[in-house]
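Structure first, commentary second.
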Amino acid sequence: MSRKGPRAEVCADCSAPDPGWASISRGVLVCDECCSVHRSLGRHISIVKHLRHSAWPPTLLQMVHTLASNGANSIWEHSLLDPAQVQSGRRKANPQDKVHPIKSEFIRAKYQMLAFVHKLPCRDDDGVTAKDLSKQLHSSVRTGNLETCLRLLSLGAQANFFHPEKGTTPLHVAAKAGQTLQAELLVVYGADPGSPDVNGRTPIDYARQAGHHELAERLVECQYELTDRLAFYLCGRKPDHKNGHYIIPQMADSLDLSELAKAAKKKLQALSNRLFEELAMDVYDEVDRRENDAVWLATQNHSTLVTERSAVPFLPVNPEYSATRNQGRQKLARFNAREFATLIIDILSEAKRRQQGKSLSSPTDNLELSLRSQSDLDDQHDYDSVASDEDTDQEPLRSTGATRSNRARSMDSSDLSDGAVTLQEYLELKKALATSEAKVQQLMKVNSSLSDELRRLQREIHKLQAENLQLRQPPGPVPTPPLPSERAEHTPMAPGGSTHRRDRQAFSMYEPGSALKPFGGPPGDELTTRLQPFHSTELEDDAIYSVHVPAGLYRIRKGVSASAVPFTPSSPLLSCSQEGSRHTSKLSRHGSGADSDYENTQSGDPLLGLEGKRFLELGKEEDFHPELESLDGDLDPGLPSTEDVILKTEQVTKNIQELLRAAQEFKHDSFVPCSEKIHLAVTEMASLFPKRPALEPVRSSLRLLNASAYRLQSECRKTVPPEPGAPVDFQLLTQQVIQCAYDIAKAAKQLVTITTREKKQ
C-alpha cells in the first residue's frame, strides 16, 4: 500500500526534494542519501521504510504523514531554529553536501546524540522528570495532537507507563478515546497492546467496549506484529486473526532432516522465554534489514549510491545489548536464504507452541521444523527449486531476481487454528491469567511493605536490648577530662623524638575490658571488646555502636580526619583479621588532645588500612549501613545463576561507563544521578545472593560492593557545595569517584568469577 503526501515534501535532514523514505520512529521523510545513514544507525535509532515499495498498514502511513506535515522535524532541530546557533557556525546539511562526512555527522548528532533537541531546564532527578513526562503523555494521548506526544516521548516519557492512580497505560487511554494515530505512535515506541490494566483489561478490550472495532483489530495485528512479519517475509501472507493468529509455512523438501537439525531444534525449544524472545526480536530486525536491502537495490538501479559505504551488510551495534548478543545479531547476516527461512519457520512454530501452552513434541512429529547446520546445507539460491508456475502482480524486490510471488508459492501454509483450544477459551484463560498476575503483584507489594516493617521492628528490638544491657551494668566512676597540664604528658618530649607513648587511651571514649557483645561477635574480636555503647540519646536509628571521634581530635596522615565513623558488627572494620584489629586498636590507644601521636606516626607502621581509611572518609558524610545482615544463624550455601549475575553485572558496568563519560566531559552535575543508578544496580545485584552466604569470598565481595556504592554516593554528593559559592576541588573529587567506581567493578567481577567457578564444580 502506498500513498504520497498532499503537497511536495522535502527531506527532513538535507531539504532535498521528493523524499522516498520515511523514518517511522522520528516522524520525518528522508531522501535516499540520508536514508543510507539512517539505516547504518540501526532500528533502535531510526526505523525506516520506503514510501512506495514497502508494505504499509494504512493507519501507520497516515501517522507518519501527519507528523511530517505538522512539523515533527522541529522537535529534532529545535536549537537550530535559534539565530544564535546560526552565528556559532552550526547549520543544517544541504542537498549538495557529501554524504560522508557532512550529512552523516549531522544526522548522527541530530538523532543519535539528540544534540538539537530542546533540553529541560532541570534534569537533576531523571526518575522524577520521566515520571512527570509520562503522566503528561498519559493525558495527551486522548487528544489528536501527535506532535505533542512525540515531543514528550523524545524527552523521555515512557510509552508503557502504568499510571499509579488511574491504573492504566497511555495505550488504554488512546484506545478508549479512539485515537488510532496516537495508538500507532505509542506502539512504535514500545507500548504493549496486550498489557492489562488494574482490572486485567487490555487496550484491545477498551477499544471494543468503546465501539472502535477497526482500532481493536489493528491493535490485535500490532500484538502479533513479530510473527506476522516473519510469515509475510516467507510466503507473502498474514493471518486474519479471526480464525487463527499464526501461519507457519513449511519447506517442500523438509522431510530430509539431519540429526544436527533435530538437535538444533531441541536447543531452540530448551531456551528460556526471555532468551527466545530476544532471538525472535533479533531475527525480526534481520528480516527488516533484508527487506530494506531488497528495496534499496531495486530502487537505486545500480546508481552511484549503491556502494560499500551506503550498504548495511549486517545489523548495526545496539549499545543497550551485550557484546555477545550484538555478535549473534550480526552473524544472522551470514545465513543464506534457505538457512534463514528454516530458522524463521522454527521460530514461528516454537512461538505458537509456547503461547498455546503445548508440551514439547518429538522431532519426528514435526519434520517440517528444523534448524540447519551451515555445513550441511547446499548453496541453493532462495527457493528457486520449489518455485510454482503461478504468477502474481507483485513487483520484484529481491536482489537475486526471484519474486516474492515465487517465494510465496514455494511454501505450503499450515493450518490456521489447529489444536483443541478455541479462541474464546484462550482469551478467557489469558484474561484470568492477567487478573491473577495483577493480584500477585499486589500481594508482593504488601509482602515487601510488611518485610520493611519487620526489619524496622527488629532494629528497635536490638536497640532496646542494647539499652537494657547498658542499664544492667554496675555504675562506675565517670572519667573527667584531663587538665591541660595532664594533656601535656601525652605529647612527645622532643619534636624530633621517635619515642611514642603507647600506654595511654583517649579520654572518656573507650572503656578497657568491656565484654559487651549483644550481636554474638567472635570471642577473639579485640575491637568489639573495647567498645562501650553510647547512651540511648546518642544512638542512631540504624546503628547500635559507633566510634564517636570529636572533630579535630585525631589528625591522620595525608589529611584524612575522622569525625564520626558509625558501623555495624558485620562491617569490615569489625572483622576478626589480625591486621584490622591491630590497626583499629591503635586508634583506641592514641592521642587525647589537639596534638596527638598521629602526627609522628612512622611511615613503616601504617595507622589504618586502605579499606579502613575509606570507611573513615565515608563517615564524614553520613552513616554507612552495609547491606549484609549479621551472620548469626545458619549460613546459606546457595548461589544465584551465572546468567543472572552476568546480567546484573552488565547493568552495573553500563552505569559506571555513563559515570566515567560524565567525568571525561566534566559534567559534574551528572555525578549524583549516575551514582543513584549505580547504587540501584548494585542493590539489585546484591539481592540475588543469599542474606547469609556460606562462602567467605562472596561475603567479602558483597561487603566491598555495597561499601563502594555507598561511598560513591557520598563522594558524588560533594559536587554540590554545602554553601553557595564554596570552592570544590573537582580534580580530587573525580579521582575519588573513579576509585569508587573501580572498586565496584572489581567486586562485581569477583562475584561473577566466584559464581561461575562454583556452578562448574
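Heads up, the Cβ atoms here are built off N, Cα and C, so glycines get one too.
In Swiss-Prot, the annotation coiled coil applies to 440-474, one of the ranges 90-124, 125-159, 405-439, 440-474. Swiss-Prot records phosphoserine for one of Ser54, Ser485, Ser596, namely Ser596. Comparing Tyr510, Tyr545, Tyr710 with the features listed in Swiss-Prot, the residue bearing the annotation phosphotyrosine is Tyr545.
Swiss-Prot records phosphoserine for one of Ser361, Ser373, Ser399, Ser498, namely Ser498. According to Swiss-Prot, the listed position annotated as phosphothreonine out of Thr392, Thr400, Thr528 is Thr392. In Swiss-Prot, the entry for phosphothreonine among Thr324, Thr601, Thr653 corresponds to Thr601. Residue-level annotations in Swiss-Prot identify, among Tyr206, Tyr321, Tyr383, Tyr383 as phosphotyrosine.
According to DSSP, Tyr224 (phosphotyrosine) is assigned to coil rather than to any helix or strand. All chains included, 19 other C-beta atoms sit within 10 angstroms of the C-beta of Tyr224 (phosphotyrosine).
Using DSSP to sort the residues of the region 'Interaction with PXN and TGFB1I1' (637-761) gives these counts of helix, strand and coil: 95 helix, 1 strand, 29 coil.
Confidence for the repeat 'ANK 2' (166-195), expressed as mean pLDDT, is 96.
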